[in-house]
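Participant: My questions will all concern the structure given below.
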Amino acid sequence: MPPKSTTTKHIFVTGGVASSLGKGLTASSLGMLLKARGLRVVMQKLDPYLNVDPGTMNPFQHGEVFVTNDGAETDLDIGHYERFLDRDLDGSANVTTGQVYSTVIAKERRGEYLGDTVQVIPHITNEIKHRIRRMATDEVDVVITEVGGTVGDIESLPFLETVRQVRHEVGRDNVFVVHISLLPYIGPSGELKTKPTQHSVAALRNIGIQPDAIVLRCDREVPTAIKRKISLMCDVDEAAVVACPDARSIYDIPKTVHGEGLDAYVVRKLDLPFRDVDWTTWDDLLDRVHKPDHEINLALVGKYIDLPDAYLSVTEALRAGGFANRARVKIKWVTSDDCKTPAGAAGQLGDVDAICIPGGFGDRGVSGKVGAIQYAREHRIPLLGLCLGLQCIVIEAARNLADIPDANSTEFDSATGHPVISTMAEQLDIVAGEGDMGGTMRLGMYPAKLAEGSIVREVYDGKEYVEERHRHRYEVNNAYRAELEKKAGLQFSGTSPDGKLVEYVEYPREVHPYLVATQAHPELRSRPTRPHPLFAGLVKAAVERKTGK
């Protein structure tokens, strides 16, 4: 057998015909398969929007912001990459047009281009190229780079031109391009139509890129004759035309991709050393996904529920918590405003087994979150609060148990007489409008110390110190901690190691079986194969409540 190449390989994933085809999930599935074949894989997303990062974007437009360990605010696809690869990525995994142009303009202002006329080619493409190539370290066998947007978009052109240049510079044998296209079904004629894919590939060729494989997204099985036609008309091997119909679960996609032979085709074309796919961990996951022993109804009480992608990592973490308990988690999406009154909360939450209060910003919907927390506390329904969810638990305890009826957060009422939640000291200028909003929160991984005998210490398997990712500007006001503990019985069960910042709160188990919250975003570190303990604990409490154990 000839020796295999030791050069880091690049796989680029592009999309055609329509957006939201699942490029990120397909790329993640391919990455998972290559990792399961013994290869070292990292992933990256190129986003063509002009924002520097998604940190200031409307959740209704963009979905969630995924925060990495190093505090970068990134695209939600980075979350898919981490969950499928079971690998922590950093800020370099997300490149935006805004970042690229900001860097190039800053270099021009410093005179680094020595008087050159700064242009898209070569200056912008060189900067993109640098950000792609720096992923290819000695510890990496394969870099998978997803190109955001759709072939034909004006915004994507510099990225696609860069892909062409990378292929030219590192060698065609070291680069593989996967093009994902929609294969629409026309009901009246009963036909799958190949023409949109042909036109999409033609547009890609016009830029100078010939795809090596085509993934067909469709809602049904694809006949061999259709694959042969696309192979002929798009000039790819028939073995490289891959059908990827809609799956019951996103975690079924790797099996589909493998069944079509894409991963085997890729490793052979790129001359990569490989072994057979090790399915041990993934098969156990799929068994838990499709053969649950229990089913629970869980209410996710939020303000952005019209776009579920705004809570993507939360919903995946909740489902993973179900996998840990062999339970199917059926999510009931509840608009927080519907829980403002006791009657509204009872109507929305009376039939659920657990509740999750996720993060958010601004005062809209907060009174409903507080109402949902009160209902959960009074009816002993397991509840997990995340970020703003913790702050709302503190506000509810202050108002209803500690006799501070006007307790509030300075985020919602800057003139409140009882700011039980207040602005972090280093955030005062930003909140006052004297600093940039983007990239200035408390971001990234921070440690916490858990109290002995607490519920959170128990669910974290007895660990005294844990680390979680954060994204917030406000904190529990320490001036009220003693009063809340004494009057409301709320326990501050986890703090920063110096004791100054509240990181976890809970009620004692004899008061409530599982009313727990964290100032962090633990959903960002959950994996389908390694569920996060806080979510697993929530589902466990819900199963016990439902089964009476």
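Each position is counted from 1, following the chain as shown.
Glycine is no exception: its Cβ is also placed from the backbone N, Cα and C atoms.
Model, not experiment: these values are computed from the prediction.
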Participant: Do you know which of Asp75, Asp77, Asp86, Asp88 Swiss-Prot groups with Ser20, Leu21, Gly22, Lys23, Gly24, Leu25 in the ATP site?
Facilitator: Asp77
Participant: Pick from Arg457, Arg469, Arg473: which one does Swiss-Prot list with Gly360, Leu388, Gly389, Leu390, Gln391, Glu411 for the same L-glutamine site?
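Facilitator: Matched candidate out of Arg457, Arg469, Arg473, per Swiss-Prot for L-glutamine with Gly360, Leu388, Gly389, Leu390, Gln391, Glu411: Arg473.
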Participant: Hey, of Glu146, Thr194, Lys195, which of those binding-site residues are within 10 Å of Asp77 (ATP binding site), Cα to Cα?
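Facilitator: Final answer, ordered: Glu146.
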Participant: List the Cα distance (Å, whole number) between Cys387 (active site, nucleophile) and Gly22 (ATP binding site).
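Facilitator: On Cα coordinates alone, these residues lie 29 Å apart.
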Participant: Taking only the residues the record lists as binding CTP, namely Ser19, Asp153, Ile154, Glu155, Lys193, Thr194, Lys195, Pro196, Thr197, Gln198, Lys229, what is the largest Cα to Cα distance between any two of them, in Å to the nearest whole number?
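Facilitator: If we measure all Cα pairs in Ser19, Asp153, Ile154, Glu155, Lys193, Thr194, Lys195, Pro196, Thr197, Gln198, Lys229, the largest is 31 Å.
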Participant: Using all protein chains in view, find how many other C-beta atoms are within 10 Å of the C-beta of Ile154 (CTP binding site).
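Facilitator: Result for Ile154 (CTP binding site): 8 other Cβ atoms within 10 Å.
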Participant: Could you give the maximum C-alpha to C-alpha distance in Å for the residues Gly360, Leu388, Gly389, Leu390, Gln391, Glu411, Arg473 that bind L-glutamine per the record?
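Facilitator: For the residues that bind L-glutamine, the greatest Cα distance is 14 Å.
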Participant: Based on Cα distances to Ser19 (UTP binding site), point out the closest of the recorded positions Leu390, His521, Glu523.
Facilitator: Glu523
Participant: Looking at the binding-site residues Thr194, Gln391, which one has the fewest other Cβ atoms within 10 Å of its own Cβ?
Facilitator: Thr194
